[in-house]
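Let me begin by presenting the structure, written as structure tokens, before commenting on it.
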Amino acid sequence: MSQHSTTYVPKSAFGQWFESRLPIAGLIHSSFIAFPVPRNLTYFWTFGAILAFMLVAQIVTGVFLAMYYTPNAGMAFQSVEHIMRDVQYGWLIRYLHANGASMFFVAVYIHIFRNFYYGSYKAPREVLYILGVIIFLLMMATAFMGYVLPWGQMSFWGATVITNLFSAIPLVGETIVSYLWGGYSVGNPTLNRFFSLHYLLPFMIAGVVALHIWALHVPGQNNPTGIPIKSGKDAVPFTPYATIKDIFAVVVFLIFFAYWVFYMPNYLGHADNYIPANPAVTPAHIVPEWYFLPFYAILRAIPDKLGGVIAMGAAIVIWCFMPWLDTSKVRSTAYRPLYKQFFWVFVGVCLVLGWLGSRPAEGWYVIASQICTVYYFAHFLIVLPVLGFVERPLPLPNSILESVMGVQKGGAGMPAGANAEPQSKG
Amino acid sequence: MMKRTLLIAAAVLGLSAPAFAAGETPVPPQLKWSFQGPFGTFDRAQVQRGFKVYREVCASCHSLNYVAFRNLSQPGGPEFSEAQVRALAAEYKIQDGPNEAGDMFERAGRPADRFPSPFPNENAAASANGGKAPPDLSLMAKARTYERGFPWWITDVFRQYSENGADYLVALLNGYHEAPQGFTVPEGGHYNEYYPGHVIAMPKPLSDGQVEYPKNEAGQPQAPETVDQYARDVTAFLTWTAEPHLEARKRLGFQVILFLIVLAGLLYFTKKKIWARVGGEVEGHATPPMTHNP
């Protein structure tokens, strides 16, 4: 990162004085203005910006909600209704926050699968990628605890089911669960600590996001060809080219977001969560939010409780090993005809797992979940390692520019002097 | 072959027969609502009639805890006049206190009061109703739904179908019939076609002619005084109590989305112009296999 900052020279005397004491303007300049961006990025590369926007949106709406919300088992549900009915535009803030969580996951899943498709996880981006997996885990924890806060039936029973999973851990399981609960069942202490953590974790996410962006700026962005930037003509400066594209993409995403907020605000939630939490009445079906469903299906596919918990955890932890499980030298699936097919089968399996997670765990749903779970892990443990040896990838272009413009043509690209190449060429 | 087909048919019938006896829960019919769709608004007269049904029928057992009298005159609801709301609130006795002497006392209701509960507490409500307290109705239209199934849960997103709760409530209120042959309704229960499991604690609440509706100029009631109409009207009222800012939400949504579309259009052309400086935007990769030779 420090290498880029050399190109930044403050114009004013104060700027120079300040820059020599805290070179933050240079850091911003090198990271978000002069940073070389592959010129062939598609809209799949705008989801980083969309996610950054969503994180800020969730924090801002959440801070306002916290001004009116009461984290008490006897008052939480009522305080949410107070926000919905009496607080000026409280309904808007709450629907933005509740649907914002879903939009956050829509964007993160697109971001993750873009990374799978174009091999962004491969060297030299392993650390960048693993930081992303950590962000995803933090997001899951935050979203889960956030859904508990309205203290409706699904909040209460979802919290009961998920926290109970920890009891499967040998020796320390029961202790962990009682620490999570702050007692012997889900109750007011649970709600209090979940509220506290729900407020804390987004800032931890923001911290890891900073590391994620930092790690991104060392090797630079991957691109649809998967081959690194080789000359200034392969790249354009981040500002204004990527900036304007990201802003446009964020606004288009906002249209999608607004549709849910204003026209289908409760579609992605559960009707049961408009019934106040009642420890004496269990809902007919306890179902997590849609974004947890594939993992929920994997959990229930294993007949053993501990086995299910391990499988569910492994389903995400295994992502961290992808850079080493994938033996192919080629990053982009565009040049991997065989892997392309397996990729789409994998996407299909994940969607089917999601659907199975919403079904009751009975009959052939369980068998289908088990088949899909086996395939899910086989994708990582068999398909990824084996394909690197048996697949014959298509010839790669010589450069990004050649792949998108043909050999003779060529636009301006990075201005002379600013075409600092990313330090490492994976 | 024939024999095998018959066997399968018998097996299918054999499987479905007990299911039929237990009574599959039918799917509630989808009704036309004034508040559905992107420009939906409440039908004032209908919501006012629905309030009358709630007040004269439901309110004897069901509370409406999250609704205040003043809400009835707010824009986007039944929109009674403020004078009407003041008069209505005054008809209720509200327990207040303690006063300076430390005693609780009763006073006439004010618009800022919430609807008083028909029972002093949940235990009293349960003991007066066969052991189960009648649920609060404020959020009922959002707290109930029915299974949509594939592929309807996808198409629902595009046609903005979010009246599941309302359709279910009307079906439920119309769903009281004689139990079918062989179905035993336990003591204190009532058969309802649409209630999951078919045994509901609430007795049939509505009957034709039970609530008198306001008359039009011709001296006729402005809507039929039938169970079905009562069910629709009270459901419209409960949809408003569950989502009192529904009209404002849809109105604002239209403005926001229109604004965002115009903004996105402007940004799109701005982006095009900026990228023209470097020879236009290029995306992705050439379709492999690559042609390496010019």
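Using the three backbone atoms N, Cα and C, a Cβ is placed for every residue, glycine included.
Whatever TrEMBL says is automated annotation, not expert-curated.
Among the features that TrEMBL reports, heme b b562 binding site is placed at A:His97, A:His198. Sequence annotations record features per position, and here TrEMBL assigns heme b b566 binding site to A:His111, A:His212. According to TrEMBL, the ubiquinone binding site annotation covers A:His217. According to TrEMBL, the feature domain 'Cytochrome b/b6 N-terminal region profile' maps to A:14-225. Under the heading domain 'Cytochrome b/b6 C-terminal region profile', TrEMBL lists A:228-398. According to TrEMBL, the transmembrane segment annotation covers A:43-70, A:91-112, A:127-149, A:161-182, A:194-217, A:238-262, A:306-325, A:337-357, A:363-390.
Structural mapping of features recorded in TrEMBL.
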| residue | record | DSSP class |
| --- | --- | --- |
| A:His97 | heme b b562 binding site | helix |
| A:His111 | heme b b566 binding site | helix |
| A:His198 | heme b b562 binding site | helix |
| A:His212 | heme b b566 binding site | helix |
| A:His217 | ubiquinone binding site | coil |
When distances run from the Cα of the residue listed as 'ubiquinone binding site' to each of the binding-site residues A:His97, A:His111, A:His198, the nearest one: A:His111
Highest-contact recorded stretch vs the transmembrane segment (A:363-390), from A:91-112, A:238-262, A:337-357, CB pairs under 8 Å: A:337-357
Protein Cβ atoms within 10 Å of A:His212 (heme b b566 binding site), excluding its own: 21
Residues from the same chain, set at least six apart from the ends of the transmembrane segment (A:238-262), whose C-beta lies under 8 A from its own: 31-37, 39, 41, 43, 46-50, 53, 92, 95-96, 99-100, 102-103, 107, 268
Close approaches to the transmembrane segment (A:306-325) from elsewhere in its chain (Cβ under 8 angstroms; 6 or more beyond its ends): 116, 121-123, 125-126, 129-130, 133, 136-137, 165-166, 168-170, 294-296, 298-300, 373, 376-377, 380-381, 384-385
Interface-adjacent binding-site residues, chosen from A:His97, A:His111, A:His212, A:His217 when a CB lies under 8 A of chain B: none
Mean of pLDDT values spanning the domain 'Cytochrome b/b6 C-terminal region profile' (A:228-398): 96
Cα-to-Cα gap, A:His111 (heme b b566 binding site) vs A:His97 (heme b b562 binding site), nearest whole Å: 20
Residue pair A:His212 (heme b b566 binding site), A:His97 (heme b b562 binding site) - Cα distance, angstrom, rounded: 24
Tertiary neighbours of A:His97 (heme b b562 binding site) (same chain, Cβ under 8 Å, six or more apart): A:Gln58, A:Thr61, A:Gly62, A:Leu65
